[in-house]
């Protein structure tokens, strides 16, 4: 069976000639592959022109089947999720192709760059700008949640600007760890450590609320330029997250509104039952009202972003599989400790 769809779906895309010859349409029939945009463990992303209209360009994620062997379910899940989601702030999967060696995902091209890079480049940046960014993310994630999808890996690197335009919208990308709620209980320790919710580290069953926590972490960074949780020792980092220990340090938070701080507290609440949903967050005065300050905070935020994120251990280490393994080990230890405490009572 094709990785990217049913035989019925594949047949719809095939022409009569293709059926007669017993082959599927090839990606080269429609697209001209151009520059390499990036590479990953199992894939590369190439720029491509549409043959019929060279003015139209797309991104093509080319996945090596041999490298992917044993992880096909993960790719199928990502494709199912992307096919379900149609939102102006979510990078769209346009179509898919497959041959003997590769799977090709034709993806909407976004050209505006990463979130933090754009903020650093700006001449002016305010709480209101941060509020507008977070509102767009909340609207997209609220839509995802209504569709029964949990992203599970929301972080700044997965937030891209659609275009270089000053008023460009923000786009959510990378659904490799996303999951549909109807596909079973979620309890796997996954995601990016600095942005992961306490219940994930505690290896408890979790749901949509993990995305809200991650948005809270992103909002925190957008207002000061550094992460709410950090330690060179990963076990200490995880302990901070489990307790929800973060501060609004002076002088970095002195000019930030109380409304912004309250918003972050509501999203980064350790108690899942008390943590805001996306809909509640969208109704908070910092998002929906005029509570966000218009004072320019660009100098302090951009200075901290450059110090804490550009080529930093934070950005590099949080892509590492080794750290994810540590998360799982830590979560397992937490379960054992809780079990022993329960038995001793």
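Glycine is treated like the rest: Cβ placed from N, Cα and C.
Annotated ATP-binding residues in Swiss-Prot are 37, 38, 39, 40, 41, 42, 43, 44, 45, and among 30, 61, 65 the one listed with them is 61. According to its DSSP assignment, residue 153 (active site, proton acceptor) is coil. Here ATP is bound by 37, 38, 39, 40, 41, 42, 43, 44, 45, 61 per the record. The longest Cα to Cα distance in that group is 14 Å. Residue 153 (active site, proton acceptor): 20 other CB atoms within 10 A of its CB, across all protein chains. Neighbour density at the Cβ, taken as the number of other Cβ atoms within 10 Å, is lowest among the binding-site residues 37, 41, 45 for 41.
A simple way to gauge crowding: the CB of residue 43 (ATP binding site) has 20 other CB atoms within 10 angstroms, across all the protein chains here. Same-chain neighbours of the ATP site beyond 37, 38, 39, 40, 41, 42, 43, 44, 45, 61, judged by a C-beta within 8 angstroms of the site's C-beta center, are, in sequence order, 62, 63.
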